[in-house]
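Step one of this worksheet: look at the structure below.
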Amino acid sequence: MPKLTDNKANTILDAAAKAPTQWSIPDPDHPQYNLEGALATLRAAEAKNSPAMLLLFPWAITYASSHLAALCASICSSARVPITLHMDHAQTPEIVKQAADLGLFHSIMVDMSHYEKDENLRLTKELTEYCHERGIATEAEPGRINGGEDGVIDTAELEGILTDADEARRFVDTGIDWLAPAFGNVHGSYGERGVQLDYDRLESIDAAVGGDDGVRLVAHGTDPFDKDIYTKLMKAGITKVNINKVVNRKYMDLQKEGGYGLTELMEKGTELMQKELEGLMDMLGSSGKA
């Protein structure tokens with residue numbers, strides 16, 4: 001299946017992958033919940049002259065139909081820097097097709113990782129073809145990244161399965177554009193175990209399916225990561241980093257403080273998330289890359 005060369009999201013990630021100095025796109029999960037998060041991303045990206053992605057979970061559609069997606073798509077189209085709209089963790093064929101048919105998303109994560117491997121591969125291929133026919137890039141998750149996030153089906157009870165190079169090749173053969181490998185990363189809390197990432201595994205996956213003409217690698221479960229970890233991930237081929245609580249909690253902590261009127265709360269929350277995102281853009285090296 002030919003790669004979507006004229007897809008806006010693919011163009012951004014290809015630029016990151018082929019740059020002489022590695023950098024990565026921050027893909028903040030928090031805009032799924034409200035206007036404030038989406039505006040924070042827009043303002044941070046324009047202030048830092050950085051590409052960015054707005055990310056929605058399927059919850060956004062089940063809660064608000066197409067309205068939140070349409071708002072985010074409007075932000076993407078009016079931004080002074082490249083910003084795209086991504087549907088993350090679409091976990092049923094129905095929600096993948098529903099999101100694709102809206103005509104608003106640049107990319108969709110076809111997350112069939114809760115199925116057995118053969119069924120995961122079959123559905124991923126079928127749904128990738130469906131999305132590509134509509135000009136939409138696709139992301140898939142071979143293996144299984146344990147845990148859950150607000151707005152996503154929790155896979156904590158499922159056995160964690162790490163991705164290897166052979167399995168990565170099988171998924172690339174389905175025609176996907178981006179791969180989200182399981183290399184010790186966890187959605188949500190890492191608990192007492194702490195962060196224990198298998199960089200050698202990630203490098204072997206990048207050698208097998210990445211590179212200038214390969215698929216783009218995506219890191220999930222990055223909330224507790226620091227600059228050192230991000231640098232290692234980018235050297236191992238990561239070009240897109242999904243971010244959630246590290247930004248979200250700034251707004252949630254402000255809400256817990258209380259004492260603000262609604263408009264003041266929204267404005268202050270937007271400012272706090274914007275500041276956090278600007279720091280992440282600097283850390284990931286995307287500042288100045290728009």
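Positions of Cβ are set from backbone N, Cα and C atoms, glycine also.
TrEMBL has this to say about the protein:
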{"type": "ACT_SITE", "residues": "Asp88", "note": "active site, proton donor"}
{"type": "BINDING", "residues": "His89, His187, His220", "note": "Zn(2+) 1 binding site"}
{"type": "BINDING", "residues": "Asp111, Glu141", "note": "Zn(2+) 2 binding site"}
Margin query: Sequence gap of 6 or more, Cβ distance under 8 Å: name the residues on the same chain that satisfy this around Asp111 (Zn(2+) 2 binding site), in order along the sequence.
Written below: Asp88, His89, Ala90, Gln91, Ala140, Glu141
Next item on the list: State the count of C-beta atoms found within 10 angstroms of the C-beta of Glu141 (Zn(2+) 2 binding site), not counting that atom itself.
Entry: 27
Note to self: Is it possible to get the count of other C-beta atoms within 10 angstroms of the C-beta of Asp88 (active site, proton donor)?
What the structure shows: 27
Next item on the list: Within 10 Å of the Cβ of His89 (Zn(2+) 1 binding site), how many other Cβ atoms can you find? Include all protein chains, please.
Entry: 29
Checklist line | Cβ neighbour count (within 10 Å, all chains shown) around His187 (Zn(2+) 1 binding site) | finding: 21
